[in-house]
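Feature list (source: TrEMBL):
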| type | residues | note |
| --- | --- | --- |
| TRANSMEM | A:6-26 | transmembrane segment |
| TRANSMEM | A:61-82 | transmembrane segment |
| TRANSMEM | A:88-108 | transmembrane segment |
| TRANSMEM | A:120-140 | transmembrane segment |
| TRANSMEM | A:146-171 | transmembrane segment |
| TRANSMEM | A:192-216 | transmembrane segment |
| TRANSMEM | A:236-268 | transmembrane segment |
| TRANSMEM | A:280-303 | transmembrane segment |
| TRANSMEM | A:309-328 | transmembrane segment |
């Protein structure tokens, strides 16, 4: 790690904390930062501010922070794995796969009268994400072209969306509305139950991804170089496919498909830190992903209050021009 | 003991065998070069020897043990590769790129120890890339990237290095640099080097042992000086391009010659550049009279000129002059290249006199001494004069 990285990391941590405090304080009930800190230090006390901050805003804010971190790391893993700077869970259709699985579960379970626990949702989303990731990973060696891979991902996305639409067409109308809103992506439905599952599964996954840093670095020169320095490529591939789909699936289960975080945040980290060392990038992406997503969620909630925007609307408005800019300036380097 | 052995090795992809090698043994500090045209199967063979591809038949033995049985980590500390793909992330510094080679020697997080860092610096020093250490890999030239990849392989502290076309897309200076670096690694570090090349001259001049690979078969192995005859090379690459000359190690291009016949009186190496320049402009050429060991002979033969020769060190005698006479008669121009005026070349002066007497257009590149014909100040002037001559005719 280069020496100046520490300064950046300190900045990232402050940024995440700032976003958290802003998310907790800003809203129809304004809570000043000092009060937010007081509430966080003594969460048990009764009162309106306490109730709003702890019961409503905190799970949502934590969900956005964790979700952003997970999406960012998932994107980073995929970019290294496919040696392609413009892939992400959203672009490769992984989020759509997760959506389809959640759709199948949600629409059929409701008709069958099953109760949808957060962990059940997460498992379904993971299964959907895993199938698409594994399929893309299996097809990837057949093409050397960066563009073909993207098109394959896009097509998987369309396939999954088509299936979801068919499912929706046959579903009962009153159930459709909730699911339909969910497909736009939002951290609004986060509650403590969902955040607990998100954290319990997400944090170990993030930590495992960090442990994969050395292998990711070895893989950057391609499969043959990785094998030649002693990396067990087969195990590595399984690890990346499982981790990236689990991270992306987890977020999708609770917040719906969220675009651009997985694509833009790794590049943002590379741009700021000027490094390709994944042992440095993964923690940076965790912090930056959390900060950016937290901020986007805050904007989605507050920009046109009381109307709430889908989070993908906000991330895309920021992300798409950013990515086009990167591409045109040739700054997309890995 | 042999450090690496191949027995009845069939290398290829899927079910398709690309190359077959019956037997190949490599000892410590040897440099073995797979030579052959593009698509001969050299890369496939190297990748199989490196254990990156599973053999379709037969086996590779690393220090007496079947390569498949050796653990990945052990393999990685014995065997390092440099492939033709020079893709590494652009945002990696050169030091970090070379440090990737320490992978088999570092712990869970890949943290470099003092010793690891020393090895990385030493590897950079060996390839002469120390001053690049803090540059970004993406900002390097092709030659520099190749050096860094070799340093990366060295950082693995391997006993065997396997390089696929290490000189491809490099300029002359870097090609020579890479070859002498590899030879030095063999001699000083005792590393066994396998590499593939498609350039015959580089193989002849830069390697000590070659394996000729052609269309999936090994045509022969041994000293390049013995193996690389003109016939072997034309069998390897096809005879369409030109003649390989084992003495100079060069291939003269056989170019279409349909123009007027020019008689070049050469000798002592004065003719080589004239012959090449004329051949490229499409003149048919006759050259003489030359002793067999003259360098002009190799060039003239290479470009496909008619040759009148005498045995090595023999003077230009009457018989040779008679052989030259018909060509001289047919020639539409005669060039005196400025061959050395010594007793042995007395006969060539006679040739020039004959030409002058017969009224042939005679041009001379000689600045002083024996005067004959119109003086051309240099090659450019000579070519211009010939062009003018034939344009008016």
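Every residue, even glycine, has its Cβ placed from backbone N, Cα and C.
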Of the stretches A:6-26, A:88-108, A:146-171, A:280-303, A:309-328, which racks up the most C-beta pairs under 8 Å with the transmembrane segment (A:61-82)?
A:280-303
Are there 3 or more C-beta pairs under 8 Å linking the transmembrane segment (A:236-268) with the transmembrane segment (A:120-140), counting only pairs at least 6 apart in sequence?
yes
Long-range neighbours of the transmembrane segment (A:236-268), counting only residues six or more past its ends (CB under 8 A):
63-64, 67-68, 70-81, 85-91, 94-96, 98-99, 101-102, 118, 121-122, 124-130, 132-134, 137, 182-187, 189-190, 194, 197-198, 201-202, 205-206, 208-209, 212, 215-216, 219, 226, 281, 285, 288-289, 292-293, 296, 310-312, 315-316, 318-320, 322-323, 326, 331-332
Out of A:6-26, A:88-108, A:280-303, what stretch is closest in contact terms to the transmembrane segment (A:192-216), meaning most Cβ pairs under 8 angstroms?
A:280-303
